Amino acid sequence: MKKTMFALAVASALTAHAAMAEDMVFTSWGGTTQDAQAANWAQPFTEKTGTGVMQDGPTDYGKIKAMVEAGAVTWDVVDAEFDWALQAGKQGLLEPLDFTVIDKAKLDPRFVSDYAVGSFYYSFVLGWNPANFSDAQPATLADLFDTTKFPGKRTFYKWSAPGVIEAALLADGVAPDALYPLDLDRAFAKLDTIKSDIIWWEGGAQSQQLLASGEAPIGFFWNGRLAALQADGMRVGISWDQNITAADALVVPKGTAHKDAAMKFIAQATSAEGQAAFAAATGYAPVNLGSADLMDPAVRATLPDAQTAVQVNADMAYWAEHRDEIGNRWYAWQAQ
Amino acid sequence: MLSATSGGRGSGLGFAMPAILLLLAFFVIPVAFLLMRSVTEPAPGLQNYATLLGSTTYAKIFFNTFFVAGVVTAITVLIAFPVAWALAIMPARWSAVIFAVILLSMWTNLLARTYAWMVLLQQTGLINRMLKAIGLIDQPLQLTNNLIGVTIGMVYIMLPFMILPLLGVIRKIDPAILQAAALCGATRAQALRRVLLPLAGPGLASGGLMVFVMSLGYFVTPSLLGGTANMMLAELIAQQVQSLVNWGMGGAAAFVLLVVTLGLYAVQLRFFDQAEAR
């Protein structure tokens, strides 16, 4: 009885393996972003190479670490936050990327490292619902922290990540080139001044809901989510003044069985065409420097890479170095 | 008959084997691994527990967890008891309909129900607009991102888990006992306090424990309807594991939660056994 069971288990494992040998797995955050990744990266990749791409998600760092340590990696390419990717590369959780397959000469050097290349980059921008402000409209990050001039709840990204801390410091008058190393005491002191007015958003859809309903008439958003609201016909105020860039990264967890396919997939995803098509679909900026020429100028004008003059780059290397320290303090502060 | 009884114990275990194996493979072993990580990461020792039990931030999260679970359990009992009583005494056809409604709501996706509450409770939501329209309030009430939101959302989700066990015991209570109490001169309040409640005790205890324990480990509802100031233990665990990739600390928090839960269960088992024996 036991033997039959074992044989059955082995047989099913083998057939499962045979069926999957052709396919690879791409993991991202779900929602419209992953839909666009599936349509603009995975589909052309499958047409070109014959390798199927199964979509999984959401990205979960705890899971990646557990998979790598257990030697049972089922995610071949993962869309992760760039600062995490840098940290994970150092911790040995990722495969080094094969730059004979991925053409890094064409990629924005801000988003290239040994273990990760940009997936796309985005900006945190000040957004508001004009229906809630009759007179003056908000314009700067200082306005975001000014509850006298612009009363009401404000919404910020809940998780510890580049963006909100930088915004607090900029609003407090720190010059963009003097942001790093981050003065956390000062940042939290600034955040304390509006703490009771903050509603945290956990995901893009929630941020849109909060703004559209007027629950939080002003906040700090991923630019693509505001673009999507505008595309739906909603009137949304956006200020690009001191928009703060952060990026997602494409990484390959260490020990994947489909390393070659993974590298080819990343090459396809970061190609000028792949990046241009994805950017047009999502409102996020391409990391391939050749993409701009392929895009409709009207669409390009709405993307973060048209706003470099007023842009502040979050320092991913700094964050990778201090991720845990900032994270612990961030969550402790939130819970207080 | 005799042979069936004597063989009963062994074959009973045999029938339970799939469940036991499943629990062993997918619960006991992973939990053991998690426990191990909590005392080995980042370095061997009990630092994770020391941090967890020694810091005021985490103390506040523990307090929140028990406080919310306690409030939710108390309110759930207050609402569920009359509902269960009404279900027990109303005509069978009606009670079947209401029972079906309760079960249906239980089978609806948890996330969908929680989002529905978000839409209802927010400042521009249906409830606030209604209250404003009938002139009860001028300014919208803050019903989400705080304890109120969490309590409303969780009580709603927990109600069936309280009503079902209560209904079980209340249906078994012979109405004649209450008549007897009335005949002996008991007022309605006395009949409730001295006759009905003690008889319903086991149902209250098992339902209450189930609701309390489920609430202790709840994630979705507190996360969506509460603010970070009311953070509960499950959210801390998710944060540690998913965002900070700190399995050691996450494991320690999970283990403390497990020990507390098992402890409560042990207490209830004793109490419940005595109640049964009576």
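Keep in mind that glycine also has a Cβ here, set from the backbone N, Cα and C atoms.
Unlike curated records, TrEMBL annotations are generated automatically.
Database features, via TrEMBL:
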DOMAIN    B:62-268  domain 'ABC transmembrane type-1'
TRANSMEM  B:12-36  transmembrane segment
TRANSMEM  B:61-87  transmembrane segment
TRANSMEM  B:94-112  transmembrane segment
TRANSMEM  B:147-170  transmembrane segment
TRANSMEM  B:195-220  transmembrane segment
TRANSMEM  B:252-272  transmembrane segment
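Residues 95, 98-99, 147, 150-151, 154-155, 158-159, 161-163, 166-167, 170, 196, 200, 203-204, 207-208, 211-213, 215-216, 222, 230-234, 236, 257 of the same chain, all 6+ positions outside the transmembrane segment (B:61-87), place their C-beta atoms under 8 angstroms from a C-beta of that stretch. Remark: the transmembrane segment (B:94-112) contacts the transmembrane segment (B:147-170), by the rule of 3 or more CB pairs under 8 A. The stretch with the most CB contacts under 8 Å to the transmembrane segment (B:252-272), chosen from B:12-36, B:147-170, B:195-220, is B:195-220. When Cβ-Cβ distances below 8 Å are used as the criterion, the transmembrane segment (B:195-220) is approached by residues 65-66, 68-70, 72-73, 76-77, 80-81, 84-85, 110-111, 114, 154, 158, 161-170, 173, 177-178, 181, 186, 232-235, 238, 257, 260-261, 264-265, 268, 271-272, 275-276 of the same chain, each at least six residues removed from its ends. Tertiary proximity for the transmembrane segment (B:147-170) is limited to same-chain residues at least six positions away from its ends with a CB under 8 Å from its CB atoms, namely 68, 71-73, 75-77, 79-81, 83-85, 87-88, 102-103, 105-106, 110, 113-114, 117, 121, 196, 199-204, 206-208, 210-211, 214-215, 218, 221-222, 224-226, 230.
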